[in-house]
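According to TrEMBL:
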type: DOMAIN; residues: 92-511; note: domain 'Major facilitator superfamily (MFS) profile'
type: TRANSMEM; residues: 140-160; note: transmembrane segment
type: TRANSMEM; residues: 167-191; note: transmembrane segment
type: TRANSMEM; residues: 197-218; note: transmembrane segment
type: TRANSMEM; residues: 225-248; note: transmembrane segment
type: TRANSMEM; residues: 254-272; note: transmembrane segment
type: TRANSMEM; residues: 340-358; note: transmembrane segment
type: TRANSMEM; residues: 398-417; note: transmembrane segment
type: TRANSMEM; residues: 423-448; note: transmembrane segment
type: TRANSMEM; residues: 460-480; note: transmembrane segment
type: TRANSMEM; residues: 486-506; note: transmembrane segment
Amino acid sequence: MKFENVLADINGFGRFQKMIIVISFIGRFTLPCHFMLNNFIAAVPSHHCDISSLDNGGIFMNLSQTERLLVTIPVQQDGTPSSCQMFQEPQYHLLFNTSHITDAQTVPCQNGWVYDNTTFKSTLTSEWDLVCDRRGKNKATATIFFVGVMFGAMAFGSLSDRYGRRIMLLVSYVSGMVFAVASAFSTSYVMFTVLRFLTGFCITGIVIVSAVLSVEWVDIEHRKIVGVIDSLSWTFGNTAFSLIAYFVNDWRRLIISVTLPLILAIFTWRWMPESARWLIANGKLEQAQMYLKNCANMNRTEESIHTLETETLSTIVTTEKRDRTYSYLDLIRTPEMRKLALRTGILWFCVATTFYGISFKITGFGLNIYLTHFTYALIELPAKLAVLYLLEKIGRRHTMVGTLLLAAICLGINIVIPKEMPVATTVVAIIGKGFSSASFATLVLYSSELYPTVVRQNGMGYNSFIARFGVAVAPMILLLDEVWTELPQVIFCFVAVLGGIVARTLSETRNRCLPETIEDIEQKQ
């Protein structure tokens, strides 16, 4: 007997399932805000060397601020003051030299920097001077957060398969909120990075646990709808984030603002049920029966309650030993599971690297940072609605391959478009972001359908671990623009193509029952 037969009797997409979707939606709102937080809290305002200490000698007493900058800071090719260099000695002759050209010796900024606070009141960059030779530390804050996400995915994936989905979701809510708020009160760069690592570690449980819970409670026909709705929670949060960031331009207050919704998530958690699939797979038949009866009552299918006897439920998983503890090693013990883990791991790395590689680059187009982020987020809506149609018409695999290859094409086009055409490059980047977003929405659902119930959370944890490794690498890849401006784009394009090739090797899951045991995977091949 299949669990899908039980769901069919009690309505696999009724009020009970919709309640789960709403609760998951609330909890997932804060995720895109934290994942994209560095776009704003680590933004680099216009800056130049601080020359205020030179006033002590009365050198600039009769000069305007513009003239002071002219004689102390070299001018770049675009006519703006250098961000990282200053003259070793003031060059007064430049006051009479209209070309502003000089061979005078320059040195790195000696007394810190002055920042333009027009757009941002305060950022990590201006707080701890993460510019010029410290630029790498700025990018590292995002990498460290995603390294935390990476290890958190492994931890929560394993713990959720061992102790249950529901309790680990609450642990993720509470611990993620505590560390996030604490990071807003950091007094040093090191303290901030440590707390961001812990925030990433804890908050990742929300995405992998809630996604699996939603899929495990719905019938075959509606799995794609639930997968897309879960993904739309990301789009909604990401779109709202650009508006929140616009009005909250202090990095400490911004972190607190995007974390507060977790309070509501913690309050609504009391109505979140445990996964009946997980309970049955682990021999907890009485608890599974309780939740299934609650589902039947809420969905108004009480006439089917008599079919939910523990003897009936015990026949759902019969091919593997009950009460056995599954681990990540089970992903590689058998031949077909090893192939599945390898392929999905590569695919998650490629999709995540491409998606975040595009998402993190919102300041290189010469347009407003808030408008670019808002548009990047908004394009996900039609992309994911298109996915809802494509998943049914052409299946998961073809949708996965197509969206990745189209994202690669957009990245390739932007390599050859001249930088003097910022509007054109932005439009192509936004379209590419839409395709990469569609691939991510497909991937979460696709992966949860590929793995069996007994190790599904382990599988999602492993895949999320690999994906966050790709996300952690993305900011470092963006630093390669110092070697060649287009090198990051070339790398992201290649990674997207590789993902499309790997996706072609996976099996289709459209209109198929979820596998329950590892033997289901081995016998399917």
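Any Cβ shown, glycine's included, is placed from N, Cα and C.
Here the transmembrane segment (140-160) sits apart from the transmembrane segment (486-506); fewer than 3 CB pairs are under 8 Å, leaving out pairs fewer than 6 apart in sequence. Comparison of 225-248, 254-272, 340-358, 398-417, 486-506 by number of C-beta pairs under 8 angstroms to the transmembrane segment (167-191) places 254-272 first. Confidence across the domain 'Major facilitator superfamily (MFS) profile' (92-511), taken as the mean pLDDT and rounded to a whole number, stands at 87.
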